[in-house]
């Protein structure tokens with residue numbers, strides 16, 4: 001009996017080692033002869049056919065997965081599964097982009113800022129941007145201290161010399177970075193990098209609502225505001241809201257009256273004292 005058991009374990013162990021060896025050989029063979037899938041639209045390469053197919057959907061606009069309840073279509077199965085939860089739960093508000101469900105519209109609107117990339121609140125010290133005023137207020141506490149570096153042209157003050165130098169380019173118009181294709185110049189390397197994509201002609205980011213393609217994800221996110229109805233850019237003078245920053249900029253020309261009231265924290269000026277008070281309460285609350 002003992003001899004039979006030993007023979008059994010020896011056989012099992014041997015078979016296990018044989019199977020393990022076969023797997024290793026198979027893996028090595030797969031790595032050597034791995035097939036590559038190349039996107040005919042943008043040249044991106046894939047080693048897995050399923051990922052390649054999902055990528056192609058971005059260019060073709062094909063949405064093979066359909067909701068049986070509302071007939072909405074999706075490019076990926078997990079988007080359909082998440083969307084289906086909107087029909088199965090009491091969450092009456094669903095994100096139109098990722099289908100995440102919410103109990104109230106306020107939470108959904110705050111969530112939408114993740115998708116459209118909107119950050120209308122800028123730090124006057126380091127120019128870091130935030131999607132909500134509350135986050136800017138918390139961030140401003142990190143800049144408590146003496147502002148030793150003054151701009152000689154506009155009087156704006158900075159904690160760090162580097163921030164002052166970056167700010168000075170807005171006055172001098174210095175643009176050190178030039179495009180090698182069209183010679184257009186930029187004041188920052190990041191702006192040049194974004195511009196260079198124009199010459200490549202590749203628009204890999206496609207709107208899943210209207211199929212419009214974009215060069216950058218940030219442009220797609222801003223575009224999504226058209227479909228969601230969100231207006232994240234607010235005029236600090238009259239509180240009118242806009243979909244795009246450029247529209248707000250054009251609107252601001254309406255408020256070119258004499259601005260006699262200045263904020264002591266950021267030097268922003270207002271034509272009415274009530275607007276100044278609202279500004280200070282919104283952006284500089286508890287910041288001394």
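Placement of Cβ uses the backbone N, Cα and C atoms for every residue, glycine included.
Among residues of the same chain six or more beyond the domain 'C2H2-type' (37-64), those with a C-beta under 8 A of the stretch's C-beta atoms are 73-76, 202, 204-206, 208, 211, 213. For 37-64 (among others), the entry in TrEMBL reads domain 'C2H2-type'.
When pLDDT values are averaged over the domain 'C2H2-type' (65-92), the model yields 73. Feature annotation from TrEMBL assigns domain 'C2H2-type' to 65-92 (among others).
Taken from TrEMBL, the feature domain 'C2H2-type' applies to 93-120 (among others).
Feature annotation from TrEMBL assigns domain 'C2H2-type' to 121-148 (among others). Taking Cβ pairs closer than 8 Å, the domain 'C2H2-type' (121-148) reaches residues 110, 113-114, 156-160, 163, 166, 232, 265-267, 282-288 in its own chain, all 6 or more past its ends.
Taken from TrEMBL, the feature domain 'C2H2-type' covers 149-176 (among others). If you look at the domain 'C2H2-type' (149-176), the same-chain residues 6 or more away from its ends with a CB under 8 A from one of its CBs are 124-127, 143, 185-187, 267.
The domain 'C2H2-type' annotation in TrEMBL covers 177-204 (among others).
For 205-232 (among others), the entry in TrEMBL reads domain 'C2H2-type'. Helix, strand and coil counts from DSSP across the domain 'C2H2-type' (205-232) read 12 helix, 4 strand, 12 coil.
Annotated domain 'C2H2-type' per TrEMBL: 233-260 (among others), in sequence order.
The domain 'C2H2-type' annotation in TrEMBL covers 261-288 (among others).
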For the domain 'C2H2-type' (121-148), residues assigned helix / strand / coil by DSSP: 11 helix, 4 strand, 13 coil
DSSP-derived helix, strand and coil totals, residue by residue, for the domain 'C2H2-type' (37-64): 12 helix, 4 strand, 12 coil
